[in-house]
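Engineer: Per Swiss-Prot, the features are:
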{"type": "BINDING", "residues": "ARG23, GLU88, ARG127, LYS462", "note": "(6S)-5-formyl-5,6,7,8-tetrahydrofolate binding site"}
{"type": "BINDING", "residues": "ASN234, THR253, ILE255, THR258", "note": "K(+) binding site"}
{"type": "BINDING", "residues": "234-239, 253-259, 278-281", "note": "GTP binding site"}
{"type": "BINDING", "residues": "SER238, THR259", "note": "Mg(2+) binding site"}
{"type": "DOMAIN", "residues": "224-383", "note": "domain 'TrmE-type G'"}
Amino acid sequence: MTEFDTIAAISTPMGEGAIAIVRLSGDEAVEIADRLFRSPTGKQLKDVPSHTIHYGHIVDPKSGRIVEEVMVSVMRAPKTFTREDVVEINCHGGFVSVNRVLQLVLANGARLAEPGEFTKRAFLNGRIDLSQAEAVIDLIRAKTDRAMNVALQQMEGRLSKLIRELRQTILETLAHVEVNIDYPEYDDVEEMTPRLLKEKAEYVRGQIEKLLSTATQGKILREGLATVIIGRPNVGKSSLLNALAHENRAIVTDIPGTTRDVIEEYVNVRGVPLRLIDTAGIRETEDIVERIGVERSRQMLKKADLILLVLNYHEPLTEEDERLFAMTEGMDVIVIVNKTDLPQNIDIERVKELAAGRPIVATSLLCERGIDELEKAIADLFFGGELEAGDLTYVSNSRHIALLEQAKKAIEDALSGIDVGMPVDLVQIDLRRAWELLGEIVGDTVHESLIDQLFAQFCLGK
């Protein structure tokens, strides 16, 4: 275990609540807590068993004044999250009391933790690897049950296990090559022929490709689908956002141009997180404020993963409608024909022609009809209706995906070398490169600056 000083931070969100927790970790965690904790029975925390909780008060050692009534948990190394001694002081929720306790802890020998430092220590002390540490962030930020399940799988080490198995295969192959090169006279060691080397490399490439095949779905679950709602003014875009969000998030009126800016909302559609973006109606306008909103809408359109194009069932198609179809050509689009509670004036055959095989859903948002069909269309478009079975390991982190792509390229370079008859000692350079890249995923071959950058994304106290 690495030697560190003792750190402390508030581990619960600030604000009013039932409890707030000050967490300490390090060799002096119990000693510092003992300076402040007073039990009604007079017992000291250094004498209590590990993984126990105790009632008492936090007392200012200088004045002897009671600061807070608390429950204190004592957990001794190595069976803790950081593999260090950990103390958690459970205070009443609120701003004042928990900050008073934290200030006393800091005044008595602890240092204020940096963002993510508790998890960083868990990594540096070998409690978790880097991919598991990153999964902690994903778990905190998960917007749906399925996104949370993917994060939990990664925290449990499912991805780590696969990566380590691939690294071990490469390492054994490299060792075999080295033995053949250094000790060619050993007849009892199987020769690493180009055919055998190719089999090993192709196996590793196949496993990497299998992981990468989950990347699109994994990133959607982790980051959400950037879903932009577009359409002429007053076709029901804001009503659609409200319907999917199941609340009145956007203003709905009969006045065209009510939405003058971009409104964002996270919604859960059948386990798929959507970052739903309601845009200002795209049209030519003299209103300066609305014009700015329209320009922002155009910019959001370029970054969208999914576009919900809303039309008015009660009105004929216009040049603006047709222009929107042209703007979204080649993109993932679901066409929504809204206001079907009113008489039909739209040319549905022309809509089908413009949609060019893309899904069309009829809705009456006013009457709450068609929402289920729309949600199914979204799930069908990206996940074939349902996510894969729970035993599939998803790759959802952009850093992991990039490293897997690079490792695959290194393996392919090795295979190309084998095909052209390159000596095996040169082929192993590419194999070693793949081994190192895979090691960066779990943190075995990662630079310290990257570690600092990754853990800086965490909140204080985690």
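Placement of Cβ uses the backbone N, Cα and C atoms for every residue, glycine included.
Please situate the listed features within the shown structure.
Structural biologist: Annotation note: ARG127 ((6S)-5-formyl-5,6,7,8-tetrahydrofolate binding site) sits in a coil segment as assigned by DSSP. The C-beta environment of ARG127 ((6S)-5-formyl-5,6,7,8-tetrahydrofolate binding site), restricted to residues of the same chain at least 6 apart in sequence and closer than 8 Å, consists of PHE81, THR82, ARG83.
All protein chains considered, the CB of ASN234 (K(+) binding site) has 20 other CB atoms within 10 Å.
The secondary structure of LYS237 (GTP binding site), as reduced to three states from DSSP, is helical.
Cβ-based neighbour count (10 Å, all protein chains) for SER238 (Mg(2+) binding site) stands at 24.
This prediction places the mean pLDDT of the domain 'TrmE-type G' (224-383) at 81.
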Engineer: Measuring Cα to Cα, how many angstrom lie between SER238 (Mg(2+) binding site) and ARG23 ((6S)-5-formyl-5,6,7,8-tetrahydrofolate binding site)?
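Structural biologist: Approximately 44 Å lies between the Cα of SER238 (Mg(2+) binding site) and that of ARG23 ((6S)-5-formyl-5,6,7,8-tetrahydrofolate binding site).
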Engineer: For ASN234 (K(+) binding site) and ARG23 ((6S)-5-formyl-5,6,7,8-tetrahydrofolate binding site), determine the Cα separation and express it in whole Å.
Structural biologist: 52
Engineer: Judged by the number of other CB atoms within 10 angstroms, which among ARG23, LYS237 is the least packed of the binding-site residues?
Structural biologist: ARG23
Engineer: What is the total of other Cβ atoms whose distance to the Cβ of GLU88 ((6S)-5-formyl-5,6,7,8-tetrahydrofolate binding site) is within 10 Å?
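Structural biologist: Other Cβ atoms within 10 Å of GLU88 ((6S)-5-formyl-5,6,7,8-tetrahydrofolate binding site): 19.
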